[in-house]
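Inspection log for the structure reproduced underneath, given as structure tokens.
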Amino acid sequence: MELHHLPAPLSFQNTYSPSLSSPHHHRLSPTLRRHLRLPLLASQAPNSNPEPEPEPEPTGAKLLPLVISIAIGLAVRFLAPRPVEVSPQAWQLLSIFLSTIAGLVLGPLPVGAWAFLGLTAAVATRTLPFTAAFSAFTNEVIWLIVISFFFARGFVKTGLGDRIATYFVKWLGSSTLGLSYGLTLSEACIAPAMPSTTARAGGVFLPIIKSLSLSAESKPNHPSSRKLGSYLVMTQFQASGNSSALFLTAAAQNLLCLKLAEELGVIIANPWVSWFKAASLPALVSLLATPYLLYKIFPPETKDTPDAPALAEKKLKLMGPVTKNESVMIGTMILAVSLWVFGDAIGVSSVVAAMLGLSILLVLGVLDWDDCLNEKSAWDTLAWFAVLVGMAGQLTNLGIVSWMSNCVAKLLQSFSLSWPVAFCVLEASYFLIHYLFASQTGHVGALYSAFLAMHIAAGVPSVLSALALAFNTNLFGAITHYSSGQAAVYFGAGYMELPDVFRLGFITALANTLIWGVVGTIWWKFLGLY
């Protein structure tokens with residue numbers, strides 16, 4: 001890759017796009033996208049020998065994944081024997097749900113489109129009435145998730161996230177290890193008010209890491225990537241899960257987990273504070289351990305970065321003083337987080353707090369309505385989250401989840417497992433299954449309710465079960481290059497080799513499991529969760 005196509009070292013370019021949170025759009029770096037646009041520019045010049053235009057790629061569903069996904073549902077519906085405890089309606093809905101989940105894994109169509117097909121099947125076969133099928137579209141948590149995408153856009157549009165991260169580079173960036181700690185801790189600081197791990201990755205941290213790496217002559221897709229860029233990208237990628245696990249509002253899947261837990265009767269009082277208390281110690285230990293662990297097992301060639309603080313200082317000068325829009329963004333997020341923390345005491349729900357925050361940003365011009373309309377990933381999330389949550393809720397109402405959990409509980413009891421052993425087995429299974437998923441939220445929608453019911457049926461305390469599964473959901477976001485939206489962002493930057501992603505993802509996952517298992521167990525006992 002030639003240098004004149006690379007961003008200038010001090011640019012800290014913003015790579016966030018309206019569809020950033022969709023993992024299918026992260027495979028191409030901004031530089032590569034510019035390369036792909038070059039033929040369009042060249043086509044404007046006269047060409048005496050025009051090339052024949054390539055045939056358009058076929059559209060529609062991918063045949064093999066489509067056939068397999070539908071076949072799974074049909075096999076359950078017509079070939080598998082229906083247990084006597086399960087009604088025909090529940091069994092038919094289970095077959096549609098399993099077909100929908102298979103499609104999310106195999107990908108015959110984009111996630112939102114496939115979820116809509118599943119919803120259509122449920123209504124067309126009269127498995128669910130229209131009102132029940134669409135009931136989850138009024139779910140408060142789903143709208144809170146949608147609004148969180150708009151908050152993330154505000155952080156990127158105003159440059160506030162960039163400014164905060166740059167200050168940490170200035171303070172801690174004189175060595176490569178210190179630089180990594182500065183970036184990691186800055187993400188933890190902005191995470192509660194920027195509830196999208198993918199947006200933080202693509203809109204704030206990857207542009208800064210790329211600029212710092214290029215200034216150290218560490219180029220993507222090049223042997224020099226190991227000088228600095230590979231280490232910084234890998235560390236930020238692996239540490240991001242702990243930042244997301246630290247706060248309830250740091251990731252969309254956290255909110256979804258607690259909503260699904262509530263539908264199973266697990267109510268967590270003062271959820272924002274309860275979540276932070278339970279996650280704080282193990283998450284902070286993991287955040288501090290990750291950069292050092294990777295520094296030892298995946299060391300950068302450049303150990304010192306004396307120019308980084310100076311570059312950050314120059315960048316801050318170029319940015320100038322804090323703008324009016326940044327000030328509004330700061331004030332709005334302080335208000336929103338305060339209401340998330342204390343809202344229960346004053347009767348303000350989390351979604352109302354988010355709606356108030358978004359209204360302020362719209363009225364004061366920090367965001368305009370086009371910003372919200374262009375946030376395609378938010379509307380896509382609304383569509384397919386609502387379908388999965390709605391189906392999962394109806395499966396619970398129809399008794400499928402309780403039947404499955406009782407079957408698993410009887411199996412575990414046949415091995416005479418105590419609840420702590422059953423807890424470990426179920427948590428490990430929930431984690432390892434994620435190698436089959438390309439989305440954390442998709443994993444939650446598909447399996448969280450069932451695994452939570454299994455935990456409770458096995459005798460695991462309900463609040464501990466709900467929180468531990470939710471924390472686990474964040475920790476498996478870095479095990480592969482497709483495991484989450486941020487995985488696609490960081491892998492697409494060109495600084496990580498695929499074998500390194502799998503190897504270091506597995507090693508870091510083991511380290512996180514050990515930390516959360518040991519530190520978390522002691523801490524949760526102290527907090528009285530069991």
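Glycine too: its Cβ is placed from the backbone N, Cα and C atoms.
Pulled from TrEMBL:
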- 63-80: transmembrane segment (TRANSMEM)
- 92-116: transmembrane segment (TRANSMEM)
- 128-152: transmembrane segment (TRANSMEM)
- 348-369: transmembrane segment (TRANSMEM)
- 381-405: transmembrane segment (TRANSMEM)
- 417-438: transmembrane segment (TRANSMEM)
- 450-471: transmembrane segment (TRANSMEM)
- 501-524: transmembrane segment (TRANSMEM)
Under an 8 Å Cβ to Cβ limit, what residues of the same chain, 6 or more beyond the ends of the transmembrane segment (92-116), are close to it? 24, 61-63, 65-66, 68-70, 72-74, 76-77, 86, 122, 125, 127-128, 380, 383-384, 387-388, 391-392, 394-395, 398, 400, 436-439, 442, 446
Is the count of Cβ pairs under 8 Å between the transmembrane segment (128-152) and the transmembrane segment (381-405), pairs 6 or more apart in sequence, 3 or more? yes
State the non-local partners of the transmembrane segment (450-471) in its own chain: residues 6+ outside its ends, Cβ under 8 Å from one of its Cβ atoms. 245, 253-254, 257-258, 260-261, 264-266, 268, 274-275, 278-279, 282-283, 401-402, 404-406, 408-409, 412-413, 417, 419, 422-423, 426-427, 429-430, 516, 520, 524, 529-530
